[in-house]
Amino acid sequence: MNPLPEDMENALTGSQSSHASLRDVHSINPTHLMARIESYEGREKKGISDVRRTFCLFVTFDLLFVTLLWIIELNVNGGIENTLEKEVVRYDFYSSYFDIFLLAVFRFKVLILAYAVCRLRHWWAIALTTSVTSAFLLAKVILSKLFSQGAFGYVLPIISFILAWIETWFLDFKVLPQEAEEETRLRIVQDASERAALIPAGLSDGQFYSPPESEAGSEEAEEKRDSEKALLEL
């Protein structure tokens, strides 16, 4: 048999590709899409993501840990009441640890207000607290006489410095990227759900069919064969 005309082959190929694309769209499971959307919406309703909650817990740990070290220092240096009066009432920048405790309170208030209450998605608040902490601790270590007061002269400044930079790393490399990735996934799932909703449900493979070869095409093929036979006989 002679091959089909080129226009008919193109029509059949386009019909098959359109049928395949429709089957691909219907292969999406609407139940799975709705479950994904509901899970993402449930996270939004909670108001704060799990990774952000972990960050806020670490900020709280920062304050409590520095407070604990400062209380231990007060007890070691002659009792809480006497040392507290010496470091707070008669505050001296060169020998007091009270300002390191206030620095931890400053970090806690700013970060909790920014990332738990206001739910910021920018790094400017953590940049402010880390910059202030680093600058103050460097000045404290260079100008003060803390190193002559025992082990706490080393421990409190170093611990405060490390905790501030861990908070910066955790927010910049964990909290903000993960939340941005979850938002992107939610948009993709919602777009897929909207595209699937545009296609009418209930279509089956039996409804996709290729039209039979037209009679006009078969008549043209027969006429072509008859003309070739006539030429051969001549």
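Residue numbering: from 1, along the chain as shown.
Each Cβ is built from the backbone N, Cα and C atoms, and glycine gets one as well.
Annotated in TrEMBL:
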REGION    1-21  region 'Disordered'
DOMAIN    48-218  domain 'MENTAL'
TRANSMEM  55-76  transmembrane segment
TRANSMEM  96-116  transmembrane segment
TRANSMEM  123-143  transmembrane segment
TRANSMEM  149-166  transmembrane segment
REGION    203-234  region 'Disordered'
COMPBIAS  222-234  compositional bias 'Basic and acidic residues'
Sequence-remote partners of the transmembrane segment (55-76) [C-beta within less than 8 Å, at least six residues beyond its ends]: 48, 83-84, 87, 97-98, 100-101, 103-105, 107-108, 111-112, 115-116, 150, 152, 155-156, 159-160, 163-164, 166-167, 170-171, 174-175
Same-chain residues at least 6 beyond the ends of the transmembrane segment (149-166) whose Cβ lies under 8 Å from its Cβ atoms: 58, 62, 65-66, 69-70, 72-73, 76-77, 95, 97, 100, 103-104, 107, 129-130, 133-134, 137, 140-141
Mean predicted confidence [pLDDT] for the domain 'MENTAL' (48-218): 86
